[in-house]
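Peer 1: Okay, so Swiss-Prot annotates it like this:
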type	residues	note
COMPBIAS	1111-1124	compositional bias 'Basic and acidic residues'
DISULFID	CYS167-CYS203	disulfide bond
DISULFID	CYS342-CYS369	disulfide bond
DISULFID	CYS375-CYS386	disulfide bond
DISULFID	CYS380-CYS395	disulfide bond
DISULFID	CYS397-CYS412	disulfide bond
DISULFID	CYS761-CYS788	disulfide bond
DISULFID	CYS792-CYS803	disulfide bond
DISULFID	CYS797-CYS812	disulfide bond
DISULFID	CYS814-CYS824	disulfide bond
DOMAIN	8-203	domain 'Laminin G-like 1'
DOMAIN	210-369	domain 'Laminin G-like 2'
DOMAIN	371-413	domain 'EGF-like 1'
REGION	1011-1047	region 'Disordered'
REGION	1090-1124	region 'Disordered'
TOPO_DOM	1-1055	topological domain 'Extracellular'
TOPO_DOM	1077-1124	topological domain 'Cytoplasmic'
TRANSMEM	1056-1076	transmembrane segment
Amino acid sequence: RTFVKKYSASRQFTGEGYLEYRTTSGNIIDSDKDELRVEFSTVQPSGLLFYARNSGGPFADYVALELVGGRLRFSIRYGRSSHSTENLHETLLGKNLNDAKSHSVEILHDKDVTTIYLDKTSDQEKAEHSFKTKYTKLDIDVAMYVGGAFDFKALLSVKSNALFMGCIFQAEFKKILPGPEKVIDFLKDDKVTTYPRTMNQKCVAQTYEPFTFSSDDSSFVCSVGGLSSANSLSGSFVFRTYKPSGVLLKQVDGGNGFELSYMEMDVQLKVIIRNSETLLNINYQNELTKINKGNWHYVTFNISQTSFELSVGSKRETRTPAVTLPSNFFKDGLTAGGFVGCMNELIINKQKCQPNAGSRIKNVEWSGCNITDFCIFSPCLHGGECTQTGKTFSCGCSGTGYDKGPNSLSVCQFSESESTCESLKKNNPSLSLSDRSYALDFDDSGPIRTYKAFCNFSADPPTTRVESRDFKIKLTPSKQPISQRISYEPSLDAAKALARRSEWCYQFVDFGCKKAKLHTGSNNEKLGFWVSSNGVYQSYWGGAKQGSRSCACGETNPNSCIDSSKKCNCDAGLDKWHNDEGYLNSTTLLPVVEVMFKGVTSGTEANFTVGHLYCAGEISNTATFVNEDGFIKLEKWSPPSNGVISLFFKTPYEKGVLLYNGMPEKDFFQVEIINETSVGLSYNIGNGVRKIELSLGDKQVNDRSWHHVMIYHNMKVFGFRLDNQEGKHENPLFLKRELNLNNELYVAGYPYDVSKGFVGCIRGLDVNGEVQDLSKLAGEAVFVKSGCGAACENNSCKNHAKCLDNYNVYFCDCSKTPYYGYFCHEENGASFKDPGSQLVYEYPSASDVFRFDIVVGFKLGEGKPCIGDIIRLGSSDKSQFYRLSLTNRKLQFDFKGPRGQGSITIDPPSVGDFCRDVHTFALSRRYKVVNYTIDGVKKPKEEIERLDGLFTSMKKVTIGKEGDGGFKGCITGVKVTREAVGQKPETVEPIKEYLYDDKNTDLVTSKHVSRATCGPEPKVPEIPTPRPVGQRADVSTPQGITTNPKLQAEDDDKTAIIVVVVLILVLLLVVLILVIYWYWARHKGEYHTHEDDEELKATDPYIEPAAPRKLKGEEPEKKKEWYI
């Protein structure tokens, strides 16, 4: 491949010169509309193509067009700015533009729109980008440069820092508006100065057939005929690299030979004669760029009896040998390689060396120069140090506070610090924390750096402080409004990030005044404002309610301001110092961004204070997605080269899309619940769909507990976390391309199939370190509610049953009640009124259990004594028992446990006793811990040392008791659960199984027991029917609920057909009515009307064009009405 000469005025740039057009005095560019056209060809990856500058210093107008790492970088700023990055716009276009091919650039600036085109008219890959700018005018009053500049340090926003090396075929700037039109042709205009003046006027052909050494041990042997008998060796080549050091060329045999190598700042030729070394060194210490910045370097060298010579570019060094070369010093073959990089035009003693089949090749690519500058726009985040070889890169994260420890895949993405003092305490319970400063990262992996903030752990919950610098700021009287932005340490963005993730915040404000007014002036003009974090002016002050337009004293009842007719002390305008102070406490509005005062005029004095920002708690920001077609839309996930999204979810369902962004046939990512134990990530970055599936093993993800999900990507990996599981693909973006997403980010939904949506709760959604306000967004979406849980808000669960929120329907958990049915309203009771009533259940085998649960309902029989055993658990060897009975109108739990006997007396939950009405009782014993609930009221747990052990040989459940000691009345819904170590819990329901289900009859013996109802059955509504979302966990499907998605799809199809038919019929009916009405209006009965007037008839849309008009004064014909 070669450079091709296209224009007679082409200019060859050698990397040592540039063109300059001075825009001072009469040549100033003041343009609303202009064009810039540049066409170039090069093999160098970096170099300045065009630059225009203004004299406004670091905040002035400029235009920069440059090659950086083989990509085209375009950067502009119109209008002077108070910040170096304000109004700055930049973009990167194309890749591998240093391919020796011709590339064209066209930039069109038309007022507030600037568009850049790359290779617009060529057959190469095209690209374009547009900016919308705040200002419209380009002002250039210093100079325009092509190919470089005298001093790169004086240029704003230039990344290449290198003179262009290659050919420029066209460089033309055209000012269009305001007129007259002006064209500057940099290659022809006599006002353009060339530095140096000897720069070649035409481009020269250059062979470009590079090869790549892809690893440190890459090499090939270059065979040079006649070299072994030669007295000298001379050679030349060009090379480029990003590796800090390496060997370029060598031939060493014993104590003789030479080696040509490089380091960051040096190229070195070492000649060894009889183990004696002579060094020639070309130093780049004072150059703008280092050797390993990826640019091509031209090297020549010569080794002879009379001299050693080394040249790199225009730098040259010569040495005289101290000893003569031996006769057999050179060999026929020498080795090229020993570094990662590229070579081109390797010539040894006028013979061309290329890697070929006979040259003993090792890891050499022949296809071209295939190295990449990864560090020019550093992929290392948070200030990590980027080092590279041209084939890969690594990030040094030491001292950054991110990605602690050595990790070859790290890009310094994940913070080592907690986000708030609250999370620091919660996630480090073993640490001894005192009131002092700690390293915190308010946006986790976001762009805000780690900062040492003060934590007050004496407060509950702990508070985090971001410091303000604005205390007792004196205000200078002015006729104009006085405004001041509030400064925070480390930044306003950090203060906003803290407030966004906190449950509540407060901030002290104070306005001191002498004659100056704060709130209201004459004619009720508002005088004082503060700007909230969302950019809205607020007119209420510290201590007052949000939106009250008042100060603290104006909020009291009665008004406590100095002048009770005013709302602030300072509005009294007195000639003595007063103040209005207090705390602002709106988390959504804090921190204070700016204050503005109009009431500090001549003859007044004032000062103000905006105190530190204090925040506490962690906002949950929870939303409930009640149907699968409910979702929240956010802006697409960006930037394309790295990002982190994390959230918590809980659901009873085993499917549902949690996150989706992109398009199915293009770049996308999707996080989806796959089944009851697994969640998966699938994505495509342009090289096919890849998947990561993580499983919790025996634990379910649809267990109604919170589970954490995180996805992240960077230039090295795409990763996924589920709770404590993690998977990643080392599928680096830099080997393919960036994650270029279209459309919005969908939370809990999939836009291409709404039936795949997630149903459940999501909280703590964090996108690139920014907490999303799901609670607020839920109010703007359909089928989404703020908070967690929606179905249980109006549930009909009876008898103290727990409502289970399945989010689009609720279920009633009857397991801790002695009732059954969907609403826990049905009884399975038995009568124990007879003196001999008793029911005994014996397990098939005895078991040593650490836990048992008892649930029972009971009602004393009419006129029966308020005593007796209700239920008793016993061991097969009679060594232990546990008994619930009525004694002295109270319940008593007696036991003979592993360490002795004891009892607990249980009072009724309210005034009264257990001798009337229906009562429910639930007890759970786990070793020595006992929990119990009476009539739905949970009592404090008790720890009983005599129970600390196993209930050995549990065998028998006895309900009631034969004889006088038994409970006489109605007992219902007995449920007993036992659990042995290493075994699953086992539940038996003796009354239901024996009397109602006719089950386990061989395990039950009973006397004088029959079915009975202990109390009236409550009225309940119809069973709610949910929309199907898939299989539910832990809950049986109630009768009447459809869960077959195929049936639902068929129903949806039928519904759609019916809707279409109905719409067509309605449309036909409307048309028919219009036709009938038109006919009726045209042919009404006999009557006179002004519509027959000549002027009105001319505008009647229903008059036939051929109908003759009546002459003025002629009696109009009467219309007739026909009855058929």
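Using the three backbone atoms N, Cα and C, a Cβ is placed for every residue, glycine included.
So that I understand the layout, could you describe where these features sit and how close they are to other parts?
Peer 2: The Cβ of CYS203 (disulfide bond) has 20 other Cβ atoms within 10 Å, all protein chains considered.
Applying an 8 A CB threshold to same-chain residues 6+ apart, the list for CYS369 (disulfide bond) reads VAL43, PRO210, PHE211, THR212, ARG240, CYS342, ASN344.
Under a cutoff of 8 A between CB atoms, and with a sequence separation of 6+ in the same chain, the neighbours of CYS375 (disulfide bond) are TYR242, CYS386, THR387, GLN388, PHE393.
In the three-state DSSP scheme, CYS380 (disulfide bond) is classed as coil.
Under the DSSP three-state reduction, CYS412 (disulfide bond) is assigned to coil, being neither helix nor strand.
Around the Cβ of CYS788 (disulfide bond), the number of neighbouring Cβ atoms within 10 Å comes to 17.
Sequence-distant neighbours of CYS792 (disulfide bond) (same chain, 6+ apart, CB under 8 A from its CB) are CYS803, LEU804, ASP805, TYR810.
Mapped onto three states, the DSSP output places CYS797 (disulfide bond) in coil.
Around CYS814 (disulfide bond), the same-chain residues six or more apart in sequence whose CB sits under 8 Å from its CB are ALA801, TYR820, GLY821, CYS824, listed in sequence order.
Long-range contacts of the domain 'EGF-like 1' (371-413) within its own chain (CB-CB distance under 8 A, at least 6 residues past either end) are made by residues 45-46, 68-70, 92, 159, 212, 214-215, 240-244, 293-294, 340-342, 439, 441, 445, 447, 449-450, 641-642, 644, 712, 714-717, 728, 730, 734.
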Peer 1: Listing them in sequence order, which of the disulfide-bonded residues CYS203, CYS761, CYS788, CYS797 have their Cα within 10 Å of that of CYS397 (disulfide bond)?
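Peer 2: Close disulfide-bonded residues: none.
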Peer 1: Counting other CB atoms within 10 A of each CB, which of the disulfide-bonded residues CYS803, CYS824 comes out lowest?
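Peer 2: Counting other Cβ atoms within 10 Å of each of the disulfide-bonded residues CYS803, CYS824, the minimum falls on CYS803.
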Peer 1: I'd like the number of other C-beta atoms within 10 A of the C-beta of CYS761 (disulfide bond), please.
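Peer 2: Result for CYS761 (disulfide bond): 25 other Cβ atoms within 10 Å.
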Peer 1: Could you tell me the C-alpha distance between CYS203 (disulfide bond) and CYS395 (disulfide bond) in angstrom, no decimals?
Peer 2: 40
Peer 1: May I ask which residues of the same chain, at least 6 positions away in sequence, place their Cβ under 8 angstroms from the Cβ of CYS380 (disulfide bond)?
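Peer 2: Listed in sequence order: CYS386, PHE393, CYS395, GLY396, CYS397, VAL411, CYS412.
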Peer 1: Rank the disulfide-bonded residues CYS395, CYS397, CYS412, CYS812 by the number of other Cβ atoms within 10 Å of each Cβ and report the first-ranked residue.
Peer 2: CYS395
Peer 1: Relative to the Cα of CYS788 (disulfide bond), which of the disulfide-bonded residues CYS167, CYS797, CYS812 have a Cα no more than 10 Å away?
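Peer 2: So the list reads none.
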Peer 1: Taking 10 A as the limit, how many CB atoms besides its own sit near the CB of CYS167 (disulfide bond)?
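Peer 2: There are 26 of them.
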Peer 1: For CYS797 (disulfide bond), what residues in its own chain, 6 or more apart in sequence, show a Cβ-Cβ distance under 8 Å?
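Peer 2: In sequence order, the residues whose Cβ lies under 8 Å from that of CYS797 (disulfide bond) (at least 6 apart) are CYS803, TYR810, CYS812, PHE823, CYS824.
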Peer 1: Whole-number Å only: compute the distance from the Cα of CYS167 (disulfide bond) to the Cα of CYS761 (disulfide bond).
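Peer 2: If we compare the Cα positions of CYS167 (disulfide bond) and CYS761 (disulfide bond), the gap is 61 Å.
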